[in-house]
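K.L.:
Submitted below is the structure of interest, expressed as structure tokens.
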Amino acid sequence: MTMGMATREKTSRKGKQVVADDREPLLPTRQEEKDGGGFDEFDGASFAGAVFNLSTTIVGAGIMALPATMKVLGLVPGVLMILFVALLTEASIDMLIRFSRAGKIVTYGGVVGDAFGNFGRVLLQSCVVINNVGVLIVYMIIIGDVLSGTSSSGDHHSGILEGWFGSQWWNARFFVLLVTTLAVFSPLACFKRVDSLSYTSALSVALAVLFVVITAGIAIVKMVGGSIPMPRLFPDVTDLSSFWKLFTVVPVVVTAYICHYNVHTVDNELEDSSQIKPIVRTSLGLCSAVYVATSFFGFLLFGDGTLDDVLANFDSDLGIAYGSFLNDVVRVSYVAHLMLVFPIVFFALRLNVDGLLFPTSRPICMDNRRFALVTAALIILIFSGANFIPSIWDAFQFTGATAAVAIGFIFPAAITLRDSQGIATRWDKILSVFMIVLAVLSNAIAIYSDADSIFHKGGGSPRA
């Protein structure tokens, strides 16, 4: 390795010798758990559990923005773009896995460090921290908005609890988020293995599927009743302005599959590490199906009235029997979905924060005091950001877009172009150049769009 770090050998579950970086925040293998006595014997994560954990990492709040991409692109280009980015994501993850195997490295940071030294590792971990802190704060903001309501846009939108019980002290935003943090986020954040979250991840995916089923059911009922037309199949380009608008959806789709920061963690816990590629393909296939169905039926249901966040469309009259009840089911299930996505994203955040602050220490899961302190500090930071810093969303609109495309495409492509292991093919390098160009274009569009929204239209946080 070119990082100039001390290394240690460890035995994988299949008896292979791999080199682990002492400065990376790794989870111990089964053998290390036995030797260290820190945990009960762990037989390795299952295929299904790994698929659910990786799928939950992918399907977060971004699912609600996808139907609006259909409004801009039309159904045919929109669906094709979703599938294309899924294939591109699989290629970028495959690059990471191949270079990890070639270098016998077991972390994303280690692969970047092997190619670009300690500076590259720190830069990657910083991007993960920035991205994940921003994502988790936004999740908490959305949860507060949906449950307690918001007046950020000037007009008050009642939350679910306020609509059910009226305005009470116990359904105020701060109290609701405090209870959610103490009763849901904190317990789930205390697991030391990502496989321990496989059941909550499975439930999270099931809730995303529930949203698709409800949306599809409503759309089909209204279509049979003749109250909604067939949606546009292709974009409506009439002038230069409408042409440029097509590019504004690129950042939404390009960042829809970001899960790279959890791939190695999932891989390290597998009983059979050769399963990681089928797991990645299965997860991307599952998420693609959910994304395509959400986009199709969401756009079919609301047409040109589809909002940037389709959840906001479920805050109005659906025009069918039990519409109000279905609105509440959709919003409650979405909030529950985000609550269960939170710990899987938090898991990667904690590992990378620990790697930045304590690069030479033993794995954080083997040090209970450090584990508790880092966990508590991060939860307090996220809770404070969601409650006490009103403008924090504006900042994360810029940093989040940059960090996400760097994690998903720029770093894997840069590793391949650097080719420290000498295994990259000509096609790998061509694809890497394309990934970097797409990532830079996506980031530039996102920053321009966000700046225009903030400074010219007075845009704010994504309130539901």
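Backbone N, Cα and C define each Cβ position, glycine as well.
Unlike curated entries, TrEMBL annotations are predicted automatically.
Per TrEMBL, compositional bias 'Basic and acidic residues' is recorded for 19-36. Per TrEMBL, domain 'Amino acid transporter transmembrane' is recorded for 45-448. Per TrEMBL, the feature region 'Disordered' maps to 1-36. Marked as transmembrane segment by TrEMBL: 44-66, 72-91, 128-150, 170-191, 203-223, 243-263, 284-303, 332-351, 371-389, 395-417, 429-448.
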K.L.:
Is the transmembrane segment (44-66) close to the transmembrane segment (395-417), in the sense of at least 3 CB pairs under 8 angstroms with a sequence gap of 6 or more?
P.N.:
no
K.L.:
Would you say the transmembrane segment (72-91) and the transmembrane segment (243-263) are in contact under the rule of three or more C-beta pairs closer than 8 Å, pairs 6 or more apart in sequence?
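P.N.:
Contact between the transmembrane segment (72-91) and the transmembrane segment (243-263): present, because at least 3 Cβ pairs are under 8 Å.
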K.L.:
Sort out for me which stretch, of 128-150, 170-191, 203-223, 429-448, has the most Cβ pairs below 8 angstroms to the transmembrane segment (44-66).
P.N.:
203-223
K.L.:
Quickly jot the same-chain residues contacting the transmembrane segment (284-303) by Cβ under 8 Å, restricted to those at least six beyond its ends, or write none.
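P.N.:
Answer is 51, 55, 58-59, 63, 66-67, 69-71, 75, 78-79, 82-83, 86, 89-90, 205, 208-209, 211-212, 215-216, 218-219, 222-223, 228-229, 231, 256-257, 310, 313.
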K.L.:
Ranking 72-91, 170-191, 332-351, 429-448 by Cβ pairs under 8 Å to the transmembrane segment (203-223), which is first?
P.N.:
332-351
K.L.:
Is the transmembrane segment (170-191) in contact with the transmembrane segment (332-351), using at least 3 Cβ pairs under 8 Å (sequence separation of 6 or more) as the test?
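P.N.:
Between the transmembrane segment (170-191) and the transmembrane segment (332-351), which are separate recorded stretches, there is contact, as judged by 3 or more close Cβ pairs.
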